[in-house]
Amino acid sequence: MAQNFDVIVIGAGPGGYVAAIRAAQLGLKVACVEREHLGGICLNWGCIPTKALLRSAEVYHLMERAKDFGLSAEKFDYDLDKVVARSRGVAKQLTSGVGHLLKKNKVTVIMGTATIPAPGKVSVKTEKGSEELTAKNIILATGARARELPGLEPDGKRVWNYKHALKPPHMPKKLLVIGSGAIGIEFASFFNTLGAETTVVEVMDRVLPVEDAEISVLAKKQFEKQGMKIMEKATVKSLERGADKVTASIETGGKTEKLEFDTVISAVGIVGNVEDLGLEKLGVKIDRTHVVTDEYCRTGVDGLYAIGDVAGAPWLAHKASHEGTMVAELIAGQNAHPIKPNSIPGCTYCNPQVASVGLTEAKAKEAGYKVKVGKFPFIGNGKAIALGEPEGMIKTVFDAKTGELLGAHMVGAEVTELIQGYVVGKTLETTEAELMESVFPHPTLSEMMHESVLSAYGRAIHF
Ligand SMILES: Cc1cc2nc3c(=O)[nH]c(=O)nc-3n(C[C@H](O)[C@H](O)[C@H](O)COP(=O)(O)OP(=O)(O)OC[C@H]3O[C@@H](n4cnc5c(N)ncnc54)[C@H](O)[C@@H]3O)c2cc1C
């Protein structure tokens, strides 16, 4: 006989497990079905293990700079296997934590592959056979996987996707990274810091193309200073694979050149996991591999919701979790608030870090705003200089008419931790007046957030 629940969540990534826990907290009987690993891509193959790798690279980079701080670290090296083992260990610690949290909240976890044969019904193929479940509400949180372009498909030997790059079979000497979004640039930063001669190819006219144009330019300057080669408006047309090298045909400005590498990382985006679930039969609308939803994550099929990466951009863990919480509260009859796309921060943990929220200056102008723009450089901040991190900038964009904070854009040390200040400001619909009134502790990098706002109104003190 089918087991009945109030809510069945398919997928235990940051979207699914958070939705399951929140629904259980609200008194609902919840099942969470997962085919591979609790924690999803984020904890196993995404956010967390990449940050563990990048931390090793950051420590290594600081050791290289020891002299700048009056220290000597003459004999130091890295052991890639140990760096990777640490990253895998961090991922494992966190995924077992998710198992513990689900258990604590009395969520029934079923390990297996789910399909939805009819509205309100879920079939799960497990190691032992199959299980039938029913529920009035189903939350689809099946996530996404790496996009593969024809001819550039990863093979795990010389051409890698993010999973291969997280458990690399060798240390690249000459690395090509295809794509300069967050994933591509983070891997480029990691391997470049550890000594790989790194080239990044970006089809758009600048690296990190979703960021504010000035931030891209500053980030590029720093990447190049660290020895990376950046090719913009360039396309990798094909890869010729040999036993120990790959020859890439790269087209720029109408010319094609052939360059040799020993390793290639393909980071050309992701596609939603929408297949083999029975969605077409249910009449769920799919647009370019993503489930189409309204602002409450409703699919149009009664009782079926889609959250996180499977429901489209931005492909970020915190967006998935926020949607998970919102849908659980909606199902439980609470006053749920749809997520505001312009309040979702984006962070890239390369060196230097990049973080942003809201509209870029160009997008704000495109949207018809007359803007006031503030900028403050790291070189004007005491803490940045004390840290030995004088490169970077904080830029703020305001509606000139109302003072509404439209966007904030940062490049430099620790900005992924700073951006949250502006996110809170945006959520509270703050204007320049409240931000100027706020007291920022000294000496901190956060003072630059204040100064950037002041600068938009001609009042910056330290620059
Ligand atoms: C290298 C890399 C680095 C990243 N870094 C960051 C970062 O720093 N910050 C950030 O915010 N985001 C980052 N991301 C993106 C982040 O990982 C995703 O946005 C996030 O994992 C999406 O969560 P989700 O719950 O929607 O899906 P996922 O995490 O993909 O989880 C979906 C789960 O569903 C399961 N599943 C799929 N189909 C079925 C089925 N039929 N039955 C049962 N289970 C199923 C899958 O096994 C998976 O565990 C990164 C991604 C990558 C690849």
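Just so it is clear, glycine is given a Cβ too, placed from its N, Cα and C backbone atoms.
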Listed in TrEMBL for the NAD(+) site shared with GLY179, SER180, GLY181, ALA182, ILE183, GLY184, ILE185, GLU186, GLU202, one of GLY112, GLY269, GLY272: GLY269
Whole-number Å value for how far HIS442 (active site, proton acceptor) lies from ILE185 (NAD(+) binding site) (Cα to Cα): 32
Counts of helix, strand and coil residues, the domain 'Pyridine nucleotide-disulphide oxidoreductase dimerisation' (344-452), according to DSSP: 40 helix, 31 strand, 38 coil
Contacting recorded positions for ligand 1, chosen from CYS42, ILE185, ASP309 when the Cβ sits under 6 angstroms of any of its atoms: CYS42, ASP309
PLDDT averaged over the residues of the domain 'FAD/NAD(P)-binding' (5-324): 97
Greatest C-beta neighbour count within 10 angstroms, which of the binding-site residues GLU202, ASP309: ASP309
Other CB atoms within 10 A, centred on LYS51 (FAD binding site): 15
ILE185 (NAD(+) binding site) in three-state DSSP notation: helix
